[in-house]
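Student: What Swiss-Prot shows for this protein is this:
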type	residues	note
ACT_SITE	E80	active site
ACT_SITE	D108	active site
SITE	K195	site 'Important for efficient shutoff activity and nuclear localization'
SITE	K198	site 'Important for efficient shutoff activity and nuclear localization'
SITE	K199	site 'Important for efficient shutoff activity and nuclear localization'
SITE	K202	site 'Important for efficient shutoff activity'
SITE	K203	site 'Important for efficient shutoff activity'
SITE	K206	site 'Important for efficient shutoff activity'
Amino acid sequence: MEEFVRQCFNPMIVELAEKAMKEYGEDRKIETNKFAAICTHLEVCFMYSDFHFINEQGESIIVELDDPNALLKHRFEIIEGRDRTMAWTVVNSICNTTGAEKPKFLPDLYDYKENRFIEIGVTRREVHIYYLEKANKIKSEKTHIHIFSFTGEEMATKADYTLDEESRARIKTRLFTIRQEMASRGLWDSFVSPKEAKKQLKKDLKSQGQCAGSPTKVSRRTSPALRILEPMWMDSNPTATLRASFLKCPKK
């Protein structure tokens with residue numbers, strides 16, 4: 001599974017997932033399913049944010065082509081993928097600036113158009129079950145919840161899906177592709193079932209980490225959201241990481 005993750009996901013996402021697990025004292029070589037789940041969740045968060053901006057008139061727009069003359073504000077602030085200290089610094093800054101209620105738990109994104117924090121969920125189970133678990137944990141109507149599944153289903157607070165249909169379809173397609181790639185290598189069952197995961201771990205240890213099946217073809221194109229996040233992760237100065245509200249649209 002670890003080898004699959006390294007082949008399937010952008011190296012920057014893999015690095016962020018490794019740092020997140022290390023921060024919580026988790027071993028990616030043992031908890032390989034969790035490693036894969038974190039990478040998947042990170043990618044969905046970045047895809048959620050990609051290409052969505054607010055123009056100078058305050059309108060939400062989608063920009064996929066480079067326009068050097070456009071001064072655009074990112075519609076979504078990415079909180080997921082940062083270390084906890086930096087994440088809370090960003091959340092506090094947002095609350096102080098917008099007057100938003102501070103969440104009890106770290107959310108994944110902040111939507112400047114709708115003025116709300118967003119919790120993104122990616123589940124291998126029934127979407128409504130996972131949605132209820134998230135809602136019971138958060139216990140706040142202020143945080144918007146949006147759940148995606150590997151089967152193409154989704155569920156959101158008050159059926160408000162935030163994004164346009166095409167953007168959501170891009171996320172669903174990526175999740176379905178990940179599922180198919182896992183299944184083709186005999187990894188999907190262990191990813192879904194804890195019992196199967198133990199069996200797979202034994203196989204992985206026996207094979208000394210060798211990946212079954214052929215290498216996964218993966219695009220190395222860096223997500224625009226990752227380009228913004230990378231310098232923030234590396235910079236240890238909290239004040240330097242809070243970027244200016246308006247930025248030029250990043251190159252694709």
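The backbone N, Cα and C atoms fix where each Cβ goes, glycine too.
Quantities reported herein were computed from a predicted structural model and do not represent experimental measurements.
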Student: With every protein chain in view, what's the tally of Cβ atoms within 10 Å of the Cβ of D108 (active site), excluding that atom itself?
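Tutor: For D108 (active site), the 10 Å Cβ neighbour count is 24.
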Student: Distance between E80 (active site) and D108 (active site) at the Cα atoms, whole Å?
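Tutor: Here the two Cα atoms are 5 Å apart.
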Student: Within 10 Å of the Cβ of E80 (active site), how many other Cβ atoms can you find? Include all protein chains, please.
Tutor: 23
